[in-house]
Amino acid sequence: MRPIRLKIRGLNSFVEEQTIDFTELAKRGFFGIFGPTGSGKSTILDGMIMALYGIKAMSRGTNEFINKNCQSASVSYEFQVTGVRAKRYRVEREFKLTTQGTKAGKCKLVDVTEEELILEDTVKGVDRACADIIGLTADDFMRTVVLPQGKFSEFLKVSGKDRREILERLFRLEEYGKGLEEKLNSALNEERAKRSNIQGQMEAYVLASEELLEQRSRQLEEGKQLLAKTEQEFRITGETYQEFLTVRFLMKEREVHEQRLGELTKQSEKIALREEKRKAADRAGGIAPMLVSYEELARQERMLQDQIREWELRLEETNARKKKKELSFQNIARQREEQESGIRLKLQSAKEAWEQWKELPGMQQQQQELQKKLSMQQEQLKDLEKKQEHLIQEEITESQNIHKLETSLLELKVTADYRDQIEYGIHQSESVNNSKKDLNSQENKRTAGIKKLQKEEVTANEFSEKLEGKFRERQQITEQLTKLKQGIRDRQIALLRKELKEGEPCPVCGGRHHEWGKDTEQTDGFQPGEENQVENLEEMLETCNAEIQMLERKKDSQAGIINLLSRQQEELQAEIKIAGTDWENQNALLLDLQSQTGILDFKEEKKRIQSLDKDREEREEQLQRVRQSLSDNRDLQKNIQANISTGKEAANKIQLELIPLESSIREKKRQVAEKIGNEMNPEACVTLLEKELSSLLEKYERYRLEFQQATEESQSIKQQSDQLLGQLEGNKNARVKSEESLKQEMARLNFADMEEVKNAVLDKKQYQEFEKSIDNHYNELRECSLKIKETGEKLGGRAVSEAEIKELNVKCQGLEAALNKQKEQLGEWKQQVKSIKGNLEKKKKLREELDAVEHQISILEDLKGVSRGKRFVEYMAAERLKYISRSASRRLSEITNGNYELETNLEGEFVIRDNKNGGVLRAPATLSGGETFVTSLALALSLSEEIQLKGTAPLELFFLDEGFGSLDENLLDVVMTSLERIHNEHLKVGIISHVESVKARVPVRLIVSPAQSGISGTKVEIEHV
């Protein structure tokens, strides 16, 4: 841990906040804090320790550390921990003075390595986090890193369990004590679970054996032989079955061909008839074109005759229509001559009136636009006057609203003093709630602890009862064994007496004269089964003793747990008492404040004030808006008044333009009426006359064209009729010649008439069909005969019935089913052999794994026995302590010029060898103040060089506040020289003293000026030599 910056306010003699920059103070590695007695030098160490560990770590054992002129104290300590990666932290704490004493206030731990990150913000959370980061408890920190007054020699003198626990924490040996035990138990449980798992897996292969494998392999071989025999029989039977099927197929094929041959023979008459029709069609084919040509000429002759009759009828109709069109054309020609000139005169007069009329729309539009403008101007004037009146009313209303808002704002105002009172009330309420939560939490912990303690006491009672039972069992076994051995001994003695003879030496005592009672039992030493009975009882006694030892250990362990839980209950009870007192004090302050203010819920009051503030802000905004609206209103009224004056002038101007325009429009209408009258629009009159003239001319032209078309159509029909008469005459001559040639050819080919020729003619498709059916018939006859001959040759006289084939098929199916069954059985046996082999292999592998696990369990149990009871931790601590004591001894010898050395005795406690008095060993308690100082210094320096924070970050600070005044000048010089030598880049050494000769040896000094009553508190200032 490297200190960076410490801030103190209100602590002991410190009043105003003082900042100590350790980066500047410790930049040369060795520094000192100097000032007169009572100036506040030790308070700097107190501030550092309290920042890290809280009120409970106050080194001088008092809670009255807040300056009497202050209501609270605060410390802020920034430090750096250098490990794999340097990290910087800042811890801040506040302490408050209450009627019940000093209490912890706000606190937080912040990671300031990069951006600030709050890690904890509760007292317990900060205490725990700081201890985790530094890796030392408050006591260890004050024994090895920062050594305040009264703590310097404590580690030298501490012994027993306390020293062992300190060493375990300082040397980070927890992992070799409880940690190692937990790891061994975890590993042992894991290996035992593995063993159980493997044993469970092996049970699955209990039936797998070499005998079963041999049996299944033999069955498999026999099955293979039987399968080969069945396959051979199935193959021979299958070949015979296939041969029978072939013969039967040939027989059926021959039957089919014979049947087909019979059918073809029946069709012979039909085929002969088709052959005759084909021959007639061949003869008719020569004259068929002549017949077709003759029939075509006859058809064309009939068609021409029909067309001539049709054209003659059309000619009569056309001539009648031509006569009618000629009369209509003559009538329309007379009508045009009579009406055309009158219509044209009227049209000229109407066009002149229209030209004058076309000027009226522009003048009327101008009139309408002026009237519209006048109307709009008048409407705008009305709107402006209404707006002006509305704005006057709004001005009155807004003035009234402004007055109301200004009055209400005064009512919503809340004073700053009242707000501060409410905030203090909220803070006090939260303090009461937090105190209550802490109290409830402690009560819950105590209740849970009581339940756990009761449960452990029940377990302890069970162990005691079991132990008493085992004691009784051991007593019974001991009595049985003693009685049995005594009987055996008596019988052995009797046997020995029986064998002794008078005058011969006794093998026990050597005497030659033997006397014994006459009633001595004559028997052998051991009765049958007694020897085994003795062994069994001894084994039972050994087992019982082992169980008693185990139960005694469990009972002792349980007693330790109960004692620990009892102490925890006592500590919790004390904490509950403190927490209850704190809650009562905080609650009394809250009730007093509620009584003074008359407010029960300060948070609700704060909400009400916030609501008032919000309402006030809204009303202030509303007031601003109303004032702005009033100003805008008045500006708008001025603009509207100006617009009204301008609008009235514009309306008068429009009225002056309308008067002459209306007079001109009336004059134009009078002139148009003189030309066409008042009944019709000039434009419509022109349109009507033009339409009447156009209709007359169009009608004349249409009748003329219709008469012309009728004349042309009559001439065209006459020409077409004459042309068809010429074609009819030519066609008739050609038909007569064709008929004569056809009759001559029919006589030559023996056809009686044209109808017989038509019946003999076949179309191409029908002719091809007849020819194909005839050829197919004769081809199929030849093919059937050939097939019948071939199948007869293939059969060679063989014949097979359906029953024979069916019987052979049943046999094949039976063989196939047997074959499949044998294959299935063979597959099962193969799978069984494979499975047995696999299971045997797995069983072998599991056995190997089980042996390895059993070996590992044996090793772990041995290790557990070795590490039981923290013996391993004690051994490692003793070894580390020996190394440190040797380093401290060298340093002590150097400081004292060889007069003293530091050693450890067999119990691991420190002893000092006094070389001045012949090397006598002295206990630390016999040392003088100066001797204790130099010995503790040597030990503390060696510890500081060795200890690692959290196992990764080295200690970078050694702070000493004690003992320089007890040293003579020579020893002081040696101590200072040693301190000057030990500092380096990674270890900063600081001392606190008021001795001037010490001050002269320190290169960088923090000068502490004492407080001045009524003026200021303690002041600090860095001074360089």
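Backbone N, Cα and C define each Cβ position, glycine as well.
Residues or ranges marked as coiled coil by TrEMBL: 213-267 (among others).
The coiled coil annotation in TrEMBL covers 294-328 (among others). Outside the coiled coil (294-328) by six or more residues, the chain places 703, 706-707, 710-711, 713-714, 717-718, 720-721, 724-725, 727-728, 731-732, 734-735, 738-739, 742 with a CB less than 8 A from a CB of the stretch.
Listed as Cβ neighbours of the coiled coil (360-394) (distance under 8 Å, sequence separation of 6 or more from its ends, same chain) are residues 629, 633, 636-637, 640-641, 643-644, 647-648, 650-651, 654-655, 657-658, 661-662, 664-665, 668-669, 672. Among the features that TrEMBL reports, coiled coil is placed at 360-394 (among others).
Taken from TrEMBL, the feature coiled coil covers 602-629 (among others). Sequence-distant neighbours of the coiled coil (602-629) (same chain, 6+ residues past either end, Cβ-Cβ under 8 Å): 394, 398, 401-402, 405-406, 408-409, 412-414, 418-419, 422-423, 425-426, 428-429.
Outside the coiled coil (686-720), and at least 6 residues removed from its termini, the chain residues within Cβ reach (under 8 Å) are 311, 314-315, 318-319, 321-322, 325-326, 328-329, 332-333, 335-336, 339-340, 343-344, 346-347, 350-351, 354, 680. The coiled coil annotation in TrEMBL covers 686-720 (among others).
If you look up TrEMBL, you'll see 798-863 (among others) marked as coiled coil.
What TrEMBL records for 5-233 is domain 'Rad50/SbcC-type AAA'.
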